[in-house]
């Protein structure tokens, strides 16, 4: 008993130490990320005064950054819940849910998702500020004042006369698209999550349609940035690629190790059945139900011609008729008057 208690204390120390180290690393990466997002200043890039690619009119966002953030994290919660609900339906068994193991799994999955979110956001904000590519609505937002006699030369000395300083700074952060990166990161990450975590036998296409819906929604989000004159085509395409690469990297390098290698949460590869650990926990239900079923009399192997149901006082009475055929009757048999067909009850 003392040895077990010592092992538990050592395990708790290791978990606490690992948690502290992870929090420190997260803060080390997250604080610069937050600074770049709130206070980062993009590179001041010049332009061609007759460039039609940056001369489109300003339009308001169809999907704002705040709406995208709420929708992204809401999607993560929705995917986790719908996966467990479908698994419960597939089990056809009621058990206590959620258990402590389930809550621990969800906490791990959310932490892994947030790590990927911070990484993709740090990459996008850093590249945006370093390159300073101009948005399609730059001329309308900035309203630059410059020497028009220099046209169509490349203009480097100009002053923005627009009224919204935040929009002016944002007009220099076109590449890559943050909306496309984040939306595709959410879609691809939870496509892998659904593929690995969801086990259902009542539908062969539901899993695929859930994954397709995620990618389709992410595509709508990214394409809306082109329609709103916020990004060029290349900005959105590269954003999709960055989000997908980050999602695959985070899943393969982190999620598979933290979420799906534990014996509590992942069925080993040697088990080729579609049952999960949670499904195995419910096997007791079906076992108990089958134990309460009374054993039935096995079906007789003899033809039905040999059986005869006769009613009696207490119910139906089944008699078995046996034919005994003898080529030679003994005198004793002849005297006893027994027939060739005897009825045994």
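Even glycines carry a Cβ here, placed using N, Cα and C.
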Per TrEMBL, the transmembrane segment among 159-176, 177-194, 267-284 spans residues 177-194
Among 40-60, 103-123, indicate the range for which TrEMBL gives the feature transmembrane segment.
103-123
Quick check on the annotations: TrEMBL lists transmembrane segment for one of 129-146, 237-254. Which range is it?
237-254
In this predicted model, what is the average pLDDT of the domain 'Phosphatidic acid phosphatase type 2/haloperoxidase' (110-251)?
93
Does the transmembrane segment (237-254) come close to the transmembrane segment (177-194), meaning at least 3 CB pairs under 8 Å for residues 6 or more apart?
yes
Counting Cβ pairs under 8 Å that sit 6 or more residues apart, are there three or more between the transmembrane segment (206-225) and the transmembrane segment (15-38)?
no
Mind checking which residues reach the transmembrane segment (63-83)? Cβ under 8 Å, same chain, six or more beyond either end.
106, 109-110, 113, 117, 178-179, 182-183, 186, 190, 193-194, 197-198, 210, 214, 217, 221, 224
Which residue counts does DSSP yield for the domain 'Phosphatidic acid phosphatase type 2/haloperoxidase' (110-251) in the helix, strand and coil classes, in that order?
97 helix, 6 strand, 39 coil
